[in-house]
Amino acid sequence: MAPGSRTSLLLAFALLCLPWLQEAGAVQTVPLSRLFDHAMLQAHRAHQLAIDTYQEFEETYIPKDQKYSFLHDSQTSFCFSDSIPTPSNMEETQQKSNLELLRISLLLIESWLEPVRFLRSMFANNLVYDTSDSDDYHLLKDLEEGIQTLMGRLEDGSRRTGQILKQTYSKFDTNSHNHDALLKNYGLLYCFRKDMDKVETFLRMVQCRSVEGSCGF
């Protein structure tokens, strides 16, 4: 290859890589504590969203005298995330490494990326909320990217990108007057609340270990 052609090729390659290098450099200059603060904020918002939606659905559609039977139905008592090996108590959580906890959190978030697009469609009155399904999706997507960034920083400094799980939770059913649909949605919301609680707990543990002075919980 002629010297001029080689130079042109290298220049073109550098120009193509420049945006990625700039982004990677920008991430490296952000203090780890700030990355954790942002991830924890998003994790808390996701957990609160799950709590609020679960309570709203329960109050709107689940009769009080049927709540016990709904909760103990096999369709509502099993979560897809139960197939993902996760710590079940604080002692088990403490035995996991930071990267293990982040990987588990990432899997949990990715399992909800598609279902959360239909989260608010369950409610006949969508005016109950000020935000939309797309806002919920972008919240989880932002959290996913934040966890990937933290994994990269804790490993070797580069941002990690993972594959979306092929098997995830099913979509929420919009037929709010059908008993089977109510049962399905109630079970999904129970799992959503349970999983987001885990994500927030795991991230808090990793933050406590990684950032000095952040264990005040």
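Using the three backbone atoms N, Cα and C, a Cβ is placed for every residue, glycine included.
The signal peptide annotation in Swiss-Prot covers 1-26.
Swiss-Prot lists His44, Glu200 with the feature Zn(2+) binding site. Secondary structure at Glu200 (Zn(2+) binding site), taken from DSSP and collapsed to helix, strand or coil, is helix. Counting only residues at least six positions away in the same chain, the Cβ atoms of Met40, Ala43, His44, Ala46, His47 sit under 8 Å from the Cβ of Glu200 (Zn(2+) binding site).
Summarising the annotation, Swiss-Prot assigns disulfide bond to Cys79-Cys191 (among others) and lists experimental evidence as the type of evidence. A helical conformation is recorded for Cys191 (disulfide bond) in the three-state DSSP classification.
The disulfide bond feature in Swiss-Prot is assigned to Cys208-Cys215 (among others); the stated evidence is experimental evidence.
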So of Cys191, Cys208, which of the disulfide-bonded residues has the fewest other Cβ atoms within 10 Å around its own Cβ?
Cys208
Between the Cα atoms of Cys215 (disulfide bond) and Cys191 (disulfide bond), what distance do you get, rounded to the nearest Å?
27
Give the residue from the recorded positions His44, Cys79, Cys215 that has the most other Cβ atoms within 10 Å of its Cβ, counting over every protein chain displayed.
Cys79
Between Cys79 (disulfide bond) and Cys208 (disulfide bond), find the distance joining the two CA atoms and give it rounded to the nearest Å.
28
Quick one: pull the CA-CA distance for Cys208 (disulfide bond) versus Cys191 (disulfide bond), whole Å only.
26
